[in-house]
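Report on one structure; see the data block that follows.
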Amino acid sequence: MADPKTAAVGPLVGAVVQGTDSTRFLVFSSKTAELLSHHKVELTQEFPKEGWVEQDPKEILQSVYECIARTCEKLDEMNIDISNIKAVGISNQRETTVIWDKLTGEPLYNAVVWLDLRTQTTVEDLSKKIPGNSNFVKSKTGLPLSTYFSAVKLRWMLDNVRHVQKAVEEGRALFGTIDSWLIWSLTGGVNGGVHCTDVTNASRTMLFNIHSLEWDKELCDFFEIPMDLLPNVFSSSEIYGLIKTGALEGVPISGCLGDQCAALVGQMCFQEGQAKNTYGTGCFLLCNTGRKCVFSEHGLLTTIAYKLGKEKPAYYALEGSVAIAGAVIRWLRDNLGIIETSGDIEKLAKEVGTSYGCYFVPAFSGLYAPYWEPSARGILCGLTQFTNKCHIAFAALEAVCFQTREILEAMNRDCGIPLRHLQVDGGMTNNKVLMQLQADILHIPVIKPFMPETTALGAAMAAGAAEGVSVWSLEPQALSVLRMERFEPQIQATESEIRYATWKKAVMKSMGWVTSQSPESGDPSIFSSMPLGFFIVSSMVMLIGARYISGMP
């Protein structure tokens with residue numbers, strides 16, 4: 001006889017959430033959407049040169065195995081039988097590019113992360129090759145030609161890494177985003193691993209036609225990418241293969257969504273016009289536009305939101321992407337030492353409740369939506385001798401909110417219907433100062449689920465609803481209602497407008513710091529960090545000097 005506790009939880013669904021900073025595995029009840037257990041492993045990032053961001057694909061894969069094993073151990077300690085886990089879904093950082101040897105299973109190069117800027121020259125060279133129609137790439141993909149997306153990262157590897165070139169020439173190479181690498185590895189790797197991706201991840205490569213839902217030969221020819229490198233493209237909800245090793249051997253992987261699309265599903269934004277904003281390493285605002293592609297005139301991306309079944313239609317979204325959100329907190333901790341833990345920033349910001357006229361533009365990787373300005377770099381301005389680390393912490397949080405407002409305004413103009421409230425999720429939403437700031441700066445309510453793991457929930461829902469699994473219903477009447485916390489604006493709209501206008505002045509000052517130069521003329525990245533570094537160092541000198549002159553301790 002089954003243990004009563006085991007019997008009560010019913011069918012379970014697991015979700016791998018593979019992000020830039022960490023990997024997690026979470027297990028949900030398919031009947032109640034209750035989170036039962038989870039485990040998290042933090043990841044390292046490598047910065048070999050200024051503007052380069054890499055990760056080790058093997059470390060990422062190992063972190064997935066570790067998270068699954070540890071979560072299953074925790075379930076066992078709770079007297080929950082892991083045989084109740086009927087499916088696993090995958091949610092992943094998008095655009096990050098992996099290329100590996102299908103004969104050995106070894107990566108041919110580190111994963112080039114979505115934030116990476118090394119391909120700026122590649123982008124400039126490609127932009128000169130665009131056929132007569134300047135909208136050639138965007139009309140097919142919904143994306144601007146940018147360092148952000150996978151095609152240019154793969155092109156760079158093919159141009160610059162000899163053993164990648166050799167593996168491609170010999171027919172040994174496979175390309176994929178992180179989901180492809182994980183699914184191929186988990187389903188057997190060199191022993192019959194499934195080389196696939198889903199439509200949401202494919203739509204971020206700049207090689208995928210979002211209208212026909214196929215790899216586009218014209219795009220592959222333009223980027224000179226051999227099509228035999230590319231994974232098969234499936235829907236976001238179907239059985240791709242079975243896990244071949246570990247605690248969940250034999251369990252199907254049946255859901256796959258890029259992380260921001262998974263959060264849209266997890267927030268249950270299934271109706272046209274519903275939107276969510278995820279606060280993670282970056283910040284990503286997505287609005288469901290239904291079954292039609294809406295092309296932005298205000299700097300937003302058009303992307304595939306989800307396709308929840310082989311025979312189901314694809315749904316689309318408008319997206320605004322901010323490169324640096326949670327990453328700025330990591331930078332304050334690791335580079336400046338202003339905080340010791342990520343949680344300290346809330347305490348510092350709360351201590352002063354204002355930036356004291358200090359504005360921070362964290363354009364470490366240029367500016368994404370709505371500017372798409374790769375020449376921008378981070379600046380800290382409005383400093384006085386009274387500015388301290390608390391004001392800088394507050395300005396860093398405020399910067400995330402200002403960037404969100406810029407995207408929301410662009411989205412309102414494209415959609416024609418202003419959002420009445422903003423649904424939010426992601427790790428940074430645990431910061432109550434940030435959430436209140438966001439409501440104040442947008443001047444609309446911000447609504448946050450008490451269970452913040454909506455990205456994982458979306459991946460689990462897609463996996464559990466797949467044909468052949470069918471333990472999770474996506475019918476509106478069957479969807480669980482998430483308990484929400486609401487943040488109302490607490491300042492006058494005029495104050496919000498003044499602060500926002502000043503922020504936009506700071507953004508203008510951040511642009512134009514980097515220009516293309518040949519390698520012989522020097523490394524432009526040396527100068528790219530000058531504005532922010534100069535302001536910080538000079539302000540510290542001013543503070544020390546002022547204290548010395550005034551006789552302050």
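The backbone N, Cα and C atoms fix where each Cβ goes, and this holds for glycine too.
The annotation substrate binding site is assigned in Swiss-Prot to T20, R94, Y148, D259. DSSP gives R94 (substrate binding site) a coil state; it is part of no helix or strand.
Sequence-distant contacts of N430 (ATP binding site), defined by Cβ-Cβ distance under 8 angstroms and a gap of at least six in the same chain, are P452. If you look up Swiss-Prot, you'll see R24, T281, G326, G427, M428, T429, N430, N431 marked as ATP binding site, on the strength of similarity to another entry.
Per Swiss-Prot, transmembrane segment is recorded for 526-546, and the stated evidence type is sequence analysis.
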Hey, does DSSP put D259 (substrate binding site) in a helix, a strand, or just coil?
helix
Residues flanking the substrate site, with Cβ no more than 8 Å from the Cβ centroid of T20, R94, Y148, D259 and excluding those residues themselves
N92, Q93, E95, T96, W114, R204, G258, Q260, T281, G282, F284
Of T20, R94, Y148, D259, which is closest to G326 (ATP binding site) if I measure between C-alpha atoms? They're all binding-site residues.
T20
If you measure from the CA of T281 (ATP binding site) out to 10 Å, which binding-site residues from the list T20, R94, Y148 are inside that radius?
T20
Pop the Cα-Cα gap between Y148 (substrate binding site) and R24 (ATP binding site) into the table, whole Å please.
24
Cβ-Cβ distance under 8 Å, sequence separation of 6 or more, same chain as D259 (substrate binding site); the residues meeting this, in order, are V17, G19, S91, N92, Q93, R94, T278, G280, T455
Taking 10 A as the limit, how many CB atoms besides its own sit near the CB of N431 (ATP binding site)?
22
Kindly assign G326 (ATP binding site) to one of the three DSSP-derived states: helix, strand or coil.
helix
